[in-house]
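Engineer: Structure below; questions to follow.
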Amino acid sequence: MHEYSIVQSMLDLIEENAKKHNAMKVEKVVVKIGVMSGVEAHLLKIAFDTFKEGTLCSDAELEMIIQPIIAKCRACKKESRFEKNEIFYECKHCGDVDLEIVDGEDMILMQLDMN
């Protein structure tokens, strides 16, 4: 389960940011998880709740924003939104299959609420 190593790296990054801003406590962590990132949200939550103990995040709430796939069509230049379970991706505007994924592949630390 690679979510454990992801959470450990995330907690290190959070602690680094908290120290940089002289924060004593993190109250909320917001992450955006792309559906193609390979990160399972429920496993990330379990890992976060396990590893946050004894850190500045010990009382922090984890908010997860699940990001669908957004692809830009190279033919018509419009963006289309897809769910992970779609088997075939084609532009929802013109039907072309020459698409560039522009969102939905990453996990990003979006926001920290600190005191």
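Including glycine, each Cβ sits where the backbone N, Cα and C put it.
What Swiss-Prot shows for this protein is this:
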- His2: Ni(2+) binding site (BINDING)
- Cys73, Cys76, Cys91, Cys94: Zn(2+) binding site (BINDING)
Engineer: Let's check the environment of Cys73 (Zn(2+) binding site): how many other CB atoms sit within 10 Å of its CB?
Structural biologist: 20
Engineer: In the same chain, which residues outside the set Cys73, Cys76, Cys91, Cys94 have their CB within 8 A of the centroid of the CB atoms that define the Zn(2+) site?
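Structural biologist: Going along the sequence, the neighbours appear as Arg74, Ala75, Lys77, Lys78, Ser80, Lys92, His93, Gly95, Asp96.
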Engineer: Can you name the residues of this chain that are 6 or more positions from Cys76 (Zn(2+) binding site) yet have a C-beta less than 8 Å from its C-beta?
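Structural biologist: Listed in sequence order, they are Cys91, His93, Cys94, Asp96.
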Engineer: For Cys73 (Zn(2+) binding site) and His2 (Ni(2+) binding site), determine the Cα separation and express it in whole Å.
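Structural biologist: With distance taken Cα to Cα, His2 (Ni(2+) binding site) is 32 Å from Cys73 (Zn(2+) binding site).
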Engineer: According to DSSP, collapsed to three classes, what secondary structure does Cys91 (Zn(2+) binding site) have?
Structural biologist: coil
Engineer: Under DSSP, is Cys73 (Zn(2+) binding site) part of a helix or a strand, or is it coil?
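Structural biologist: Reduced to three states, the DSSP call for Cys73 (Zn(2+) binding site) is strand.
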Engineer: Counting other Cβ atoms within 10 Å, pick out the least crowded of the binding-site residues Cys91, Cys94.
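Structural biologist: So among Cys91, Cys94, the binding-site residues given, the one with the fewest Cβ atoms within 10 Å is Cys94.
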Engineer: Taking the Cβ of the residue listed as 'Ni(2+) binding site' as centre, how many other Cβ atoms lie within 10 Å?
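Structural biologist: Its Cβ has 12 other Cβ atoms within 10 Å.
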